[in-house]
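Under the heading domain 'TRAP C4-dicarboxylate transport system permease DctM subunit', TrEMBL lists A:14-435. Look at TrEMBL and you will find A:7-28, A:34-53, A:65-83, A:103-132, A:144-168, A:180-199, A:228-250, A:256-274, A:286-308, A:328-358, A:370-395, A:415-439 tagged as transmembrane segment.
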Amino acid sequence: MIELSPELVAILMLGGVFVLALSGFPIAFVIGSIAFFIGLVTFGTTTTFHILYSRFYDLSLNYPYLAVPLFTFMGVVLQKSGITKELYQRLYEALGSFRGGLLLVTIIFGTILAACLGVIAASVTILALIALSPMVSRGYDRSLAAGTIVASGTLGILIPPSIMLVVYAPQAGLSIGQMFMGAVFPGLILSSLYIVYVVTRCQLNPSLGPPIPAEQMTPFTVDKVGKLLMALVPPVALMVAVLGTIFAGVAPPTEAAAVGSFASILLAVVYGKFSWGMIRDASIETLRVSAFVVLIAALCYAFVGIFMNAGAGDVVAEMILAVPGGRWASFLVIMIIVFMLGMFIEWIGIVFIIVPIFSPILAQLGFDPLWAGMMICINLQMAFQTPPMAMSIFVLKGAAPEEVGLTMGEIIRGVLPFVGIIVFSLILFTLFPEIITWLPAQMIGPSH
Amino acid sequence: ADKITWRSSGHGPASDPSQIYHDMLCKAITKASDGRLTVKPFVGGSIVPAYQELDAVEQGVLQMAYTCPMYNLDKWPAAGLISSRPGCLAGNALRSWFDFAGGADLMNKMMGDSYNAITFPGALSPLPPEVFFHSKVELNSMDDVKGLKARCMGDGGEIFKRLGAATVIIPGGELYEAMQRGTIDAFEYSTLASNWKMHFNEVAKYVYVSPARAPSDPQVFFVNKEAWAALPEDLKELVQGLVARFTQDQHEYLEYESIKAVEEFRAAGNEVRRVPDEIVAALTAEADTFYAEKSEKESPIFKEIYDSMTSYRSAYEAANA
Amino acid sequence: MIDRLSALSGAVGKWFAVLLVLVGTFETVSRHFFNAPTIWAYDSMCMAGGAIYLLGASYTYMKDSHTRVDLLYSRCSDRTKALIDVIGAAVFLFPLMIVMFQMSVTWAIRAWRINEVMFNSFWYPPAAPYRTLFAIGLFLLLLQAAAKFARDLYFLVRNETLD
Ligand code: NA
Ligand code: NA
């Protein structure tokens, strides 16, 4: 065993992910192996093997992650039964000459999904399964379509319910309910900014989101409205089944996902689109998507164990405490560190690293803990979309239908402007902290 | 002399008092030993998954851990006895049983010679009684318990189920939302002080208190056998002394915090009530039956620990009547 | 032959997806409409999820669906790709996953020996079957990786595809 300084371990592990991910070998194994080799050198076999195996095994039994297979299942059933294809076709016709209309629809749909789902991969997967093909096949810009899906799918981790807020709040001693409330306006503002962005771009350059060709334009008829309504009913019914199950307290989100999957099968039956082949396809696709998503998550989770055991988390704390220039300088550094960590490791690791370190510092500097925690979570939400370690991008890449054939480069190019929008929104929430704090303050019962 | 480094983990989360006291202890040992023994504190879940700290101590990944015996039910059914279960010993009764009436020895016996971890007298911190239930509905008689959709974990869950409650299994992190949305009507969690910190006043009007359901949820320090054996005598004494002090300090601190929390819950508009005697009596009787049955079925150590605790409970009550 | 095993793993694994949907729906209906929550749904769903990921791992590997950061990879020739995959598997996959497999066997044996249970709920189901399934999943992944490794290597050396 060699005594590596925590600073060196931090650099080797984070830098290692950055460089070796580019090799193009499946990312899950790259991340796991970096932890494996650094662990072997620093701690020897017993400790390294135990940490990696116990965390890998533990995550495989994680309850909230069940939303991944369940929502994938639901997404595939909706896609294979043609229900969503029909919906996008009708919306496309209804939106007629409006440029970038389907992007707008995707963002709105993503925002609604975000209010139902709390695990990121689930909403990105659904959007990838149902929104990508309809846009690309109608000549929408591939990068813009991909970026829109990643950004609006990632809102799922911010807009409640959110697994991230559920993990963050108790670590920081905050109320889950208040954090949920605090996330509502930031989430909706982000969603609106995304809409402004895509619509503006498509207005300036119609080829990015072409309107329906003039020769396909049909006059607005009662028949057309009827068809739109018919196409809207199934997904809306499904949303009601899932959302209603969650909001009425019938079931927590994971079980609601099961109900949603079941309801989507029923829907296919009602619409005469059911076949056993569809169930087979849906379950095998569920297997494919959730295996790679959860394998990445599990090996990232294992990676964090080695990272923390090496004391690399403390390195981050020392950096903060060494910053000159007052509370806002420290705050800025904290945000930059969260962002940089987000570029490399999974959010759950970041929560473990930063909460014990940053919460007391932020409180000491006189920041409202709820506001500060929310800012960190919004920042982390951005981290899902920043390469090279970008879970949302990986999920879109893996779940995108084969015939679309998206490349990583196309996705990243599309995502970057959205990252810019999130940075902008963070400045906005700093200037107007009430956007975050107002709603939680309206809750019944005093906050403490 | 050689400088020694230990890694130690609480069971988290970071804001939990037992994690905070764990971290304070680690720093105190490092300071008092003048750096001869550096104990690095870790938050539960940061190195190995939360609640698997003892296995990590066994494997030598950690040298020390502070965790609930109950989290080791996967290996030893008897671990549930020295835990937050109906009929367990409360507060000082539990600590004095552990320190002087053979509790620590029985726990070591339960873990077995081949298991590479031990505990010692002074290592157990008895938490104040857990809240019986946070509830949206009034609990006046056993009729209110029947069909009550309540989140209960551990043996208490099984016992409540036998009493007719509709017990639901939900992870702690999802409780707040499940209550807010009405998935459940009531739940058990931790002590008054911890629950106040979890903001549960926002989701349930009634706070029912009684030591009957979980008289004490003890936290215990465990050390790796080899690491312990390798420690010079004076450091062993130093560690054991500081562990005993911090576990007692935490106990007293939480007693105090729980008393304060009652006022805080009330000021927040909650009603803090005693659990009606009828419910306490039914629960206690069912628990005794349950454990008596279980003692016959499980391995001999289970009965040994159960009998030791039960007879100590009677003796303690006789002395403190 | 190994492909068939992976396909079989997928074929078996996919039923756990259906199971997951059914158990989740059953629990919701049973609790909400009949006030009769089950004590087994929670753990069953977690285990079904685990079965999906583990049995899916080799199937997903066969389908080459484990996500790659392919900024550079996608621009490489087939031969370079095969080279990356051969080196990648030797460095990033086999050492780590062989160790994980060996650990999973050790802990599966321990689970059978000490009658380990899961304690998320008071159902306390035995952990050994799931620990065993976990080991099987990793074993199938290793087999599949070995098969792909052999093919890539053959292609690299002979510049023609095996089979
Ligand atoms: Na959400
Ligand atoms: Na990132």
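Glycine too: its Cβ is placed from the backbone N, Cα and C atoms.
Below 8 angstroms of C-beta separation, residues 64-65, 67-68, 70-72, 74-76, 78-79, 84-85, 88, 91, 95, 140, 144-146, 148-164, 166, 187-188, 191, 194-195, 198-199, 202, 209, 239, 242-243, 246, 253, 256-257, 260, 289, 293, 297, 384, 391-392, 395-396, 399-401, 404, 406 of the same chain, each at least six residues beyond the ends of the transmembrane segment (A:103-132), sit close to that stretch. Below 8 A, the CB atoms of the transmembrane segment (A:180-199) and the transmembrane segment (A:370-395) form 3+ pairs separated by six or more positions in the chain. With pairs at least 6 apart in sequence, the transmembrane segment (A:7-28) and the transmembrane segment (A:144-168) have fewer than 3 Cβ pairs within the 8 Å limit; the two do not touch. Residues 59, 117-119, 121-123, 125-126, 129-130, 234-235, 238, 253-254, 257-258, 260-261, 264-265, 267-268, 271, 273-274, 278-279, 281-283, 285-287, 289-290, 293-294, 297, 399 of the same chain sit 6 or more residues outside the transmembrane segment (A:65-83) yet have a Cβ under 8 Å from a Cβ within it. Away from its own ends, the transmembrane segment (A:415-439) comes close to residues 146-148, 150-151, 181-182, 184-186, 189-190, 193-194, 197, 335, 368, 370-371, 374-375, 378-379, 381-382, 385-387, 390, 392-393 of its chain (Cβ-Cβ under 8 Å, at least six residues beyond either end). Mean pLDDT of the predicted structure over the domain 'TRAP C4-dicarboxylate transport system permease DctM subunit' (A:14-435): 84.
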